[in-house]
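**Q** Submitted below is the structure of interest, expressed as structure tokens.
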Amino acid sequence: MTVDIKTTLVTIPNQNLQIAGYLAEPVAVGQYPVVIVIQEIFGVNSHIRDVTERVAKEGYVAIAPAIYQRQAPGFEEGYTPEGIEAGRKLKDQTSSAEILSDLEATIAYAQTLPNVKPEEVGLIGFCFGGWIVYLGASLPTVKATASFYGAGIPHWAPGTAEPPITYTDKIQGTLYAFFGLEDTSIPMADTEQIEQALTKYQVNHKIFRYPGADHGFFCDQRASYNAEAAADAWQKVKQLFQTELK
């Protein structure tokens with residue numbers, strides 16, 4: 001059973017930067033855990049807004065910050081070759097330090113909201129956002145992370161930064177990672193490396209690999225959408241947040 005929600009555009013301060021955010025929250029008065037929703041390379045588009053609303057309907061305050069605020073304020077693209085090209089260019093202009101800073105600022109903003117339980121923080125991200133939330137899972141405030149098909153976690157970072165896998169020893173919460181076995185951007189060796197690192201550092205985790213599913217399988221606006229895999233993954237996300245965020 002889902003709850004009634006309301007949505008609004010918000011501004012998240014981070015020093016001199018004003019980050020645009022999409023906020024979805026239950027209408028009923030109360031206190032709720034918060035889940036930060038992290039975009040793909042395409043910005044906070046209609047799919048990410050929809051996911052933010054779906055999370056809120058499960059009884060969470062959900063916020064999607066604009067990760068490209070520094071590079072391209074208001075950037076939003078669809079799933080076209082042009083959108084992919086534009087999104088990838090912006091991804092390469094980011095920095096891990098700035099991303100972490102903006103994520104921390106979003107969490108800090110959420111913790112000031114009167115209907116948020118400040119100790120109950122979760123993350124969910126897709127595509128580039130899956131990469132970002134693995135990095136973000138290293139923040140001490142984060143209790144639960146759902147990372148969807150984040151390419152490059154073991155070996156890629158913008159500029160000269162270390163890849164997210166090098167932060168695994170700092171992860172204190174529970175992490176679920178979701179991959180499609182048909183996703184050529186994430187070789188099986190990468191997912192095995194992620195699993196080995198999580199096991200080595202005794203991170204509470206589960207890795208889910210979906211046969212027949214490709215990159216972007218959770219997004220119903222993509223040609224690669226896989227309804228069966230998406231439905232199963234959503235149930236696991238709900239289970240994760242229900243268990244870890246009280």
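Every residue, even glycine, has its Cβ placed from backbone N, Cα and C.
Straight from Swiss-Prot, here's the annotation block:
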- CYS127: active site (ACT_SITE)
- ASP183: active site (ACT_SITE)
- HIS215: active site (ACT_SITE)
**Q** By the DSSP assignment reduced to helix, strand and coil, which category contains CYS127 (active site)?
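**A** Note: CYS127 (active site) is coil by DSSP, not helix or strand.
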**Q** Measuring CB to CB from ASP183 (active site), give everything in the same chain under 8 Å that is also at least six residues away in sequence.
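**A** In sequence order, the residues whose Cβ lies under 8 Å from that of ASP183 (active site) (at least 6 apart) are TYR149, ALA151, ALA213, ASP214, HIS215, PHE217.
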**Q** Can you tell me how many other Cβ atoms are located within 10 Å of the Cβ belonging to CYS127 (active site)?
**A** 24
**Q** Three-state secondary structure of HIS215 (active site) from DSSP?
**A** coil
